[in-house]
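Taken verbatim from TrEMBL:
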ACT_SITE  559  active site
BINDING   519, 531, 559, 608, 611, 630  N-acyl-D-mannosamine binding site
BINDING   611, 621, 623, 628  Zn(2+) binding site
DOMAIN    77-416  domain 'UDP-N-acetylglucosamine 2-epimerase'
């Protein structure tokens with residue numbers, strides 16, 4: 001027979017001792033408390049309230065933004081119930097009945113509303129809004145959603161928001177606060193005023209919503225949901241099969257054009273004219289072109305007539321289509337030689353691939369854009385558009401993530417879970433506008449806007465995460481490989497590791513800044529000529545591989561220029577209009593800030609301060625010339641002189657600590673001079689004078705108000721250089737001060753400043 005535990009098999013009245021009875025009583029009390037807790041949790045789980053979310057989609061474009069959210073809601077059935085309402089051009093035969101792609105994605109459509117009144121003119125748009133308002137109340141009354149998700153700026157969406165607001169249904173508006181420049185702005189902002197919650201894509205859009213007196217606690221800076229999908233799927237191996245299925249077997253990667261032009265409802269006749277000029281330019285340009293039909297706005301019928309009059313549908317260079325599945329459209333845009341038109345896809349999604357874009361007319365004038373977009377706002381001639389095609393076709397730009405980083409859907413789902421259905425439904429407006437935006441999402445409250453900084457030195461390769469204040473939050477250091485392939489492989493790996501680690505410390509990486517030795521073309525992100533310390537490092541394109549791997553914008557510059565930028569943002573040069581930074585390390589370099597801007601020069605060799613000649617017959621320099629400042633005052637030059645003194649047994653003095661077989665460095669020379677070695681003093685005096693004379697030459701050429709010495713030898717050189725200036729400079733330049741930098745990592749901070757200044761100015 002099984003033996004029972006002692007306190008469960010015995011009657012409590014038979015327990016002999018006081019301690020036995022107390023333990024028994026405590027055990028029974030704990031069992032009762034556990035049963036009560038289990039009962040309470042079971043009761044709560046049985047009556048847990050799921051959030052009923054209705055997603056309404058009007059056309060193929062807004063479905064590409066809503067679909068990732070719909071998939072996320074459907075996957076989280078414990079927290080959400082999903083209803084899908086389809087209306088607008090989804091249900092029109094001429095537009096391929098695109099509601100079928102929603103069914104193919106395995107979504108159950110709860111209601112299909114035929115709301116489009118055909119006519120494609122202004123009156124038809126108004127009638128379509130009215131028809132939608134007649135039909136929507138029955139659907140919303142039946143579904144009774146807790147919240148309705150509405151996207152963008154279409155007239156169908158305005159009808160949805162109006163109906164929901166009047167029926168006391170909470171509204172989450174996607175992509176509010178943006179500016180484009182047409183009637184879409186008015187519709188978009190009207191929907192924002194009706195909406196209770198907002199999920200916007202950019203920091204500027206968030207600020208616009210706040211300026212519109214929206215409650216900042218109900219605004220989420222999420223990014224564009226379509227980026228969650230396109231950043232994951234656009235690099236498919238079968239992209240050539242997709243391209244050939246739409247454009248034929250002979251077409252090549254980046255050798256075709258994607259064209260998509262919509263009518264501007266506030267100036268229909270002008271937009272029709274631009275459309276005709278675009279088609280003429282494309283015919284003349286003679287490249288394979290995939291052209292999509294315009295949307296259903298007023299004026300689209302006339303644009304289609306223009307296209308057919310020019311024979312575009314029968315032309316061998318053109319393929320005219322009404323619909324392309326979003327996943328395939330991503331591939332086609334990603335690998336196009338150029339995209340032309342006025343679709344928001346050109347200024348939004350195309351930037352994520354670096355695809356060149358020509359934006360025609362005013363429809364997207366106010367949008368935030370990456371470097372890839374060339375605006376032809378006054379597209380009044382065929383030649384102007386043709387010239388834009390010549391400039392843009394076949395180019396490649398850094399990948400831009402202005403509109404998202406691929407994590408919008410998790411943020412939106414978290415935001416939805418945080419909505420309190422018991423709080424008052426009535427909207428409140430904030431007057432006057434709040435100055436600082438505080439997002440509802442906890443990740444954005446804690447996230448720190450940061451840059452990824454890369455420093456390529458002769459010995460080490462370093463990567464750091466740097467925040468807006470110049471604090472290095474995390475740093476990685478490896479030996480710099482000797483070969484190009486190993487070096488690039490290590491750079492990408494270190495950057496990818498840093499990007500992953502940034503998530504764990506709540507940092508949002510805005511871009512990558514690279515500081516490297518040698519002469520650099522910062523406009524193209526190319527190292528033109530390297531120093532002797534870094535092998536296999538000439539004619540190297542750094543921007544493209546890093547940008548493609550990380551999907552981030554990339555900036556590249558010379559390490560001396562980066563040191564000047566670091567001083568400008570974080571050091572002594574902050575707020576100074578004109579100053580010079582001189583790096584005194586292994587070599588001599590620097591950067592010049594003039595009128596608050598960095599000077600690069602016509603061939604990118606401005607501020608090669610180490611190669612200012614101060615003697616016609618001086619020692620040989622690493623550049624091949626003689627008498628350069630670097631040949632006298634650099635760490636390598638001082639090390640050379642120290643070795644010569646050591647070989648002649650003239651370096652060491654009494655009391656000087658020097659270990660046997662210890663490598664001789666510049667530090668030994670300085671120590672010897674400080675201990676009274678006259679030979680060492682003479683070498684350092686000549687080096688200081690050479691550096692001082694070089695800086696005097698700089699003062700007489702660019703006339704800065706400040707000289708900042710940076711690097712390991714800066715503190716040693718400060719006083720003698722100031723003395724040379726006082727002795728040899730023109731009287732008006734003798735008052736210029738020489739200071740030493742307090743920045744510990746000028747190269748990394750300068751690389752980061754390129755990102756932080758430019759990316760925040762562009763409003764990422």
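Numbering starts at 1 and runs along the chain as it is shown here.
Including glycine, each Cβ sits where the backbone N, Cα and C put it.
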Position of peak Cβ density within 10 Å, selected from the binding-site residues 621, 623, 628: 628
Length of the line joining the Cα atoms of residue 630 (N-acyl-D-mannosamine binding site) and residue 621 (Zn(2+) binding site), in Å: 7
Residue 611 (N-acyl-D-mannosamine binding site): tally of other CB atoms within 10 A of its CB: 20
519, 531, 559, 608, 611, 630 excluded, remaining Cβ within 8 Å of their centroid (N-acyl-D-mannosamine): 517, 518, 558, 560, 587, 588, 589, 610, 623
Spatial neighbour of residue 611 (N-acyl-D-mannosamine binding site) that is closest, considering only the recorded positions 559, 621, 623, 628 and their CA atoms: 628
Which of 559, 608, 630, all recorded positions, has a Cβ with the fewest other Cβ atoms inside 10 Å: 608
Neighbouring recorded positions, C-alpha within 10 angstroms of residue 531 (N-acyl-D-mannosamine binding site) - of 559, 621, 628: none
Spatial neighbours of residue 519 (N-acyl-D-mannosamine binding site) that are distant in sequence (at least 6 apart) but have CB under 8 A: 527, 528, 529, 558, 604, 605, 608
Beyond the site residues 611, 621, 623, 628: chain residues whose C-beta lies within 8 Å of the centroid, for Zn(2+): 610, 613, 622, 624, 625, 629, 630, 631
Averaged pLDDT, computed only over the residues in the domain 'UDP-N-acetylglucosamine 2-epimerase' (77-416): 91
Cβ neighbour count within 10 Å of residue 531 (N-acyl-D-mannosamine binding site): 21
Spatial separation of residue 628 (Zn(2+) binding site) from the residue listed as 'active site' - C-alpha basis, Å: 19
